[in-house]
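Input: a single structure, listed below in structure tokens.
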Amino acid sequence: MNHGDDCCTAAEDGAQSDQQQPLILERVEEEKAKSWQSVVSHCLNKHCLCTPKKAKSKLLGFVPILKWLPRYQLREWLLGDVMSGLIVGILLVPQSIAYSLLASQDPIYGLYTSFFSSIIYALLGTSRHISVGIFGVLCLLVGQVVDRELALAGYLTESAILNSSNSTVLLAGQGNGSVGVGCDRSCYAITVGATVTFTAGVYQVLMGIFQVGFVSVYLSDSLLSGFATGASLTILTSQFKYLLGLKIPRPQGWFTLFKTWYSLLTNLSHTNICDLVTSLVCLLILIPTKELNNRFKAKLKAPIPFELFVVVIATVASHFGSFNSDYGSGVAGDIPTGFLPPQLPMWTLIPNIAVDAFSIAIVGFAITVSLSEMFAKKHGYTVDANQELYAIGFCNILPSFFRCFTTSAALTKTLVKESTGCQTQISGLVSALVLLLVLLVIAPLFYSLQKCVLAVIILVNLRGALRKFTDIPDMWRVNRVDTSIWLITMATSALVNTELGLLVGVLVSALCVLGRTQRAQVLELGRATTRDHYDDLLSYRGLRTHPGVAVFRYEAPIYYANQSLFKKSLYRCVGLDPVKEKTRLMKFKRKNKQQGEVARVPHINSGDTEGAGKEDGFEAGATVTSMLDNKSSRSLRSLVIDCSAILFLDTAGVNALKEVLKDYEELGIKVVLARCNISVLDALERGGYYPIKKGCDGGENKIMFFTIADAVRYVQSLSANGDYDSKC
């Protein structure tokens, strides 16, 4: 052997000896805890101290348009923004009028809502692409509150007004006197809607002030999708009365879907043939043309506004055909031009609608943030969830003074906006200009527009949400838990109550996360033949175990809800329940003592609580054997618990590990932990897992193993020296 070979051999021996040494890392010393005075002083300086630089940063952060507008690329972006703004503005005209039906409002208020929200979000929003305005689900929620408050205030239903004499209508317009003589049914309806909108906006701004934008992460995509689909079924059902020309009130409370269908079927004989024919013709036109738009959207520079064409043609036909006077068809009615003077919300109404406004605020924020983040990720920029709260909050607060109702981002219009070349929120300002033109000049021309046409527009726009039902098989194959959340949320929203569906979805999602930690099992690990890698014995072939040493892993945090399940799973996987074993040994000792024999406790290496024999089967000097894999028995002397998958421990989790350590070591089985993260180590330290025994330095009790291999070699060395169960 030459000198080079000697060097190689020495290097290999050195590497092998280094590999046998346990990995030791030195913790960085934690900073000393600061006094509360210094903490308070630091917070005050951080949040209350105002400098010119900080004031500028806060202003630019609160009004993001001031940050990106000076860097606006006129040549590259202007054409796309103008085109998308014009197209979305044209689409907003019929949709704003149509969705006013859902919110139980006159058409003009839908136009107001889309106009103001487009301007405010362009100033305050951080997303470049989303279109903020009327959203069907929120309109439905607002409409339910409005109808309930109208009934409580003593106003007649719409059908009763239409079928009553003029004197009755005038009396009904005054309600029960709580609103005032000058406020009719329509006035009170928008007052309720504006108050709900104001309250929801206040909730959203408060959430932004307290920096709770992170709550959006708790609303999963499956939850929001299921909620939107369930609400879409309710919206679909609510529009059938307009398709058939029926004058029936909107039911209140739970199970509105069933109540609505019952009312529709019982009043089917009163169907207005004119409305029915018009609805069928519009459906036959809009459904194929919308499909053509979707099929050729890659080739079309902009979607063709078939909705607007249908609205114009239907309005002209209704006007010259006298559908309202001759056939009793319901029409949009008078749509005034200009703007009404601002008015304050009805403060006395806020306690009645506070809970409803909170659920509306959560839904609006969740939809807006999820769409913002989706399109921001697609186009490579970031959005601020807390700033989105401010933006959508002020999109509700400020317009509420001008008789608007709740807004949020809308997926359909956002997709149109993005596909037509939108680059910034300048497109939102262009859409607002289109709506302004309608509000000042064109709005009165829609007087004869039939409500059934508006209902058809709503139904056609629900196609995307209803297509989700065809995706259920694929969703089930991908993830059954998410699909179950979707189905439960959808069914509750549609069949029971819309707001309750959101709450049930959140609770089911939380229970599913909790259930996953409850279902976690202890896995026995084996070592790969060529490397110090340990993995589940049941999942991979070729893994081997160590004589007398068993390695286990628990793939969940250990906390109060699953600490008992952790212990049961560990005992079952080990094949030895130390509590039962100690009880059996105590009975064995008492039996020997009663028989007058010298109590000689056998040395227990391991035990199988089921396979060790019956109580009377113990004999002095007997050895209990554990069947770890039900295939071969081996004498167990040490347990290594891989803690890499344990994210955290609470007090109950630390106590569970302490009980495992104490119970097994009383039977002579050494228990060590490996691969603990820092939070777990700190929890163990604070919880007293490593006690300092009298007469010892406590060093052995505080040994931390950063690899499973180090832990295995350590317990094997104790076994070889015969001191694995020694005590100080």
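Heads up, the Cβ atoms here are built off N, Cα and C, so glycines get one too.
Per TrEMBL, the feature transmembrane segment maps to 77-102, 129-146, 188-210, 222-244, 306-324, 344-369, 426-447, 485-514. Residues or ranges marked as domain 'STAS' by TrEMBL: 539-715.
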Open item on the list: Which range wins on Cβ pairs under 8 Å with the transmembrane segment (426-447): 222-244, 306-324, 485-514?
Closed with: 306-324
Open item on the list: Please identify the stretch among 77-102, 129-146, 306-324 with the greatest number of Cβ pairs below 8 Å relative to the transmembrane segment (344-369).
Closed with: 129-146
Task: Average model confidence [pLDDT] within the domain 'STAS' (539-715) - done: 74
